[in-house]
Every structure is written in C-alpha cells, then in structure tokens.
C-alpha cells in the first residue's frame, strides 16, 4: 500500500506511468503553468513534500533521488509538477534520457534554485 500526501497547498501522488520504483508528482493546488512561473520559496516546500512521500513509502536513501521539472515546451501537461524519482540509480535507458540531469528538457531542483540566485 502506497502513501499519498495531501496538504492545503500541495498534493503528492504516484505518476500514472512510473519510470522508477518510486515515481511521484508533487503538484501545487493553486494552478501554476510550468517551472518558469515558480518562485524561489516554492521549491523547498515541494522538495520537503517529495522527501516526505518517499520516507512514508519506506525509501530512505535520499542520496539516490532525482527531483526536477520538465522545461517548457517539454511539459506533458500545462500544470506545474515536480518529478520525484527513486532510486535514481535504477532508471532505465529511456527514463535516463527523459529525466536527464539539466538537459534542455529537464532541470533539477538544485539548478532551479541556483537560477534564482543568479537571476536566470
């Protein structure tokens, strides 16, 4: 039985087409189009919920997690969602391409946070 999380500001649930043993989406309740509309204060909260769902589903190796967003125009839906994938070491060949770290189409939360610091 998997645990899903529901908060006043965010919901978290399993991706309908999982690309890892643990593949969750953290989604704001309030509509946000994509990661270009994010503000710096959103990211830590979304990460916190992503880590919480992993821990509630008995995954504790947070060094083997990939969290990030698809960069427009490579978004499958027009509502912001953070991908939480674990263990990242078990991503298959195609998944490693789709969720390739800091490619033109996928940006990790750490790079997204840095972009706020440098005014990207």
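Every residue gets a Cβ built from N, Cα and C, even glycine.
Range with TrEMBL annotation motif 'Histidine triad motif', chosen from 74-78, 79-83, 84-88, is 79-83. Note on the domain 'HIT' (1-96): DSSP counts are 28 helix, 24 strand, 44 coil.
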